[in-house]
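Step one of this worksheet: look at the structure below.
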Amino acid sequence: MDPLSVIASTIAIIQAVSKAYQAIQHLRGLPKTFDQVYKSLPLVQDTLKQALNELPRVDQDARKAIEPVLGECEKKAEALLKIFREVSAGSNDANDRSALDIYRAIVLRLGRAHEVETLMQDILRDLKVLAVNRLFRVQPQLHEAKLDEAITRLSPEVYHETRRIDILQALYTSPYLDRKNRNPDRVSGTCEWFTNHDLFRQWRDSNSSSMLWVSADPGCGKSVLAKYLVESVLPTTRSRTTCYFFFKDDFSDQRSTKSALCSILHQLFMQREILFSDEIVKRFEAHKLHLTHSSDELWEVLILASQEQGAGEIVCIIDAFDECEDQDIFSRALCRFYGTRNNFNLKFLVTSRPQGVIRRGFQPLDKPELPVVHLSGENEAEMEKIEGEIDIYIRARVQDIQVVLKLDYAEKQLLLEGLLRMKHRTYLWVYLTLDLIQQDVNINKARIRDAISHIPPTVDDAYEKILNRSTNPEDAKKLLHIITAATRPLALEEMSIALALQQNHRSYQDLDLQSPERFREHVRDLCGLFITIIGSRIYLLHQTAREFLVMRGSPPQRPLSKIRNSQVTWKYSLQPEESHRTLFQICLWYLFFTDFETWPLEEKEKVPQYLLKHAFLEYSARNWALHSRESGIQNDKITKSLLALCDVKSKRFFTWFTIYSETALCYVPPNCSKLMVASYFGLEHLVQLLLKEKDVMVNFTDSKYGRSALSWASENGFDGTVKLLLKGPRIRFRDLTSPSVRKVEVDAKDSAGRTPLSYAASKGHASIMKQLIKAGAVVHSADNYGMTPMLYGIILGHDAVVTRLMKEASADYIRNFRNEFFLSFVSKGGKDVKVVVEWLLDSGVDIETADEEGRTALGLAACNGHQDTVRLLVDKGANIEAVDKVGRTALGLAAGSGHESIVQLLLEKGADVEAADAKGITPLDVASERGYEGVVRLLQLHGAK
């Protein structure tokens, strides 16, 4: 083709790329490289236009010389346009796949040469050839410099930095600094029982990985101690990096192992950028940033970072481990790590209550040869030291009270001596007791004597006394119901509305709200020191306050009006179901304000401004359904209200549903039916009622994702709702011909080709899968991206899901995919691996099948530390001397990863101790280089030289 035509064609393609980008730039998860490529388009277009103008003066030989360059440039521009358009098309028919997911699938299919930044760099380099060959008469050096700058912007180094920023943002799941600073500072002279203890000093001074578990009773100052250690005793230095996490029950992002590990990694990479290696970046990218959803993967990243050269000492301080909701996962990770030797210095200090379940979780580490120490703050010797420091705290607090209440010396001494006489003192008890005394504005010697004679002997007694001083017990109970049931701490403005709301209120004008300052005082009058206000949000003072109030697993308590000795009994006065009922009703009353029909939200882009005017709307919209499910409340009046709330044609529905979808950061069904909304939120009573309606369309799909009510309920994990939908609508004989009352389509595919079973599998809902399979769901149905329910189960680590699917899958399906399953499971490990691997081997899978790096199943299991799997594979006849593409055997891989027990097992099974890889490196060489002393000793004992 003539060069002029090629240039003109390429200019048109570049213009089309620009338009394609503008169509997809709003997509969730669109890689930043797309934006960088877009910013280079004007330069490309300008360069090509200059070339078009200059070409007529170029002689025939020069034209022939640049023809291949222009041809390549056109091809790469076409490839770039194709990718942009594929991402656009993929986003239109994908439901929960981000633009990043779609793009990665394209690159996986076409190869790394088709990454958009690579294509653009190649285009710019081609254009640079034109500049270098002086095709441009005007300022060729300047044009060349601009091209160089654009190429640099797209360089791997710049791109890698962008990727690192994305990963750090994904890891920042909790404002860990704010949560640490919620805890008070220590009083001078306290915490020294711990910092002077030989066990702590031994742990602190150790040059190898070790763990210290510190247990003590509630109220003994563990969180204050943890904060003091982070800030003053073990701060980050040139050779030490200190990270921390404070578990807390009142925040959903402060309860899980995943949140803790994300916060630790975020701190680690922020403080030691050198540890944020390319290998770690690749690991995150290989998991499409979903790595932050896997505790096991996050733990592996922490180990990888700790092994980096120059990592130095890494100290992780974990407070209130007893408030971690998945302690077993964290405990297993700690046991696996500290149960084997290593050559780096990763230390954990864990504080908790002395609970039996935690003690049992750490039981495997209770061996003298392991680097794990338990410092028990509840034994007699340590309690005596702690009580001595509590005395220091009492003296300091009494000194403060003397100043505030203007006590004379005799009054101060009277108060001090009375407190010091009490037995079983804790910091929390002192704090509560002194506040009770400090609130007495008419204090004198007589009243001090009276107060001392009536000092509550326990924390529970102090709580009773505090709450019995409430100016309005009924309002106090309502406030506490709200605090204990809320999914997050409410702000003062939100609580002011929630507390004031009554069933007859119809708008903001009906609320008699106090000023913020007065409401803050009102809250204090209601509950005193039982609650605390930090940064305008309301919290319970301590975890023991929740345990004091809330009755778990028992029949309803006596009502609050029950009087004993002329006082209300507060302990165990709140039932969770009643608390959720209270908050559900408040949310419902609020969402029925006429404001949301008269002045509704008009566009989703205006959500932030709309929320500023409606303080309680974000909480109500996001949580009313959860509180409805947890409350168990069902009656005709509530059902009627819920039907109105889920009326998809109303302005009220558009308002709250848009707020939910924009703030909950989850996928919702747009342009949906009432049945779909009820199914999405798991409102069983409403689903049951709607299925009785004459014209119910059980298979109706939403307009964007093409998903049915069954699909949404399956993904969201609502067993009861799925059961009702599978049962289907009540069909009368005369309605049999109506298309709207067909039986539910259990295998209905959405726009991405996914069935309800795929969604249930991807979320790990094994019980729902069982229902769907029983109803006839096809277990090997593949979506538009070739993903099946089993693949989702494997990739996302849902072992129970895969085990069930294995039992249901056809022989042909297993035969086609078994090698992939086999390597995935062996590499991943897990509690169901033995069952699945044995099943696959029995079905005829090749035990010597290898991945793209040539590693067999045995090599993968050895490299990843799965001892039981290694034993199983060897016993099943796996070739113990099989090598990967660089010549490493299973022994070499295990030695290089420091897995001492696996090295021992392989040597016992006859592995060649001198087996060298393609570069002549033996297992002993790699173990020595990486400092795995235990592995080195084992290999030498078996004759390695």
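Backbone N, Cα and C atoms are what each Cβ position is placed from, and that goes for glycine too.
Annotated domain 'NACHT-NTPase and P-loop NTPases N-terminal' per TrEMBL: 7-130, in sequence order.
In the predicted model, the domain 'Nephrocystin 3-like N-terminal' (189-353) has a mean pLDDT of 89. Annotation comment: TrEMBL describes 189-353 as domain 'Nephrocystin 3-like N-terminal'.
Marked as domain 'GPI inositol-deacylase winged helix' by TrEMBL: 466-551.
Residues annotated as repeat 'ANK' in TrEMBL: 752-784 (among others).
Under DSSP, residues within the repeat 'ANK' (853-885) fall into helix, strand and coil as 17 helix, 1 strand, 15 coil. The repeat 'ANK' feature in TrEMBL is assigned to 853-885 (among others).
Feature annotation from TrEMBL assigns repeat 'ANK' to 886-918 (among others). Applying DSSP to the repeat 'ANK' (886-918) sorts its residues as follows: 17 helix, 0 strand, 16 coil.
Per TrEMBL, the feature repeat 'ANK' maps to 919-945 (among others).
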DSSP residue counts for the repeat 'ANK' (919-945), split into helix, strand and coil: 16 helix, 0 strand, 11 coil
For the repeat 'ANK' (752-784), the number of residues DSSP places in helix, strand and coil: 17 helix, 0 strand, 16 coil
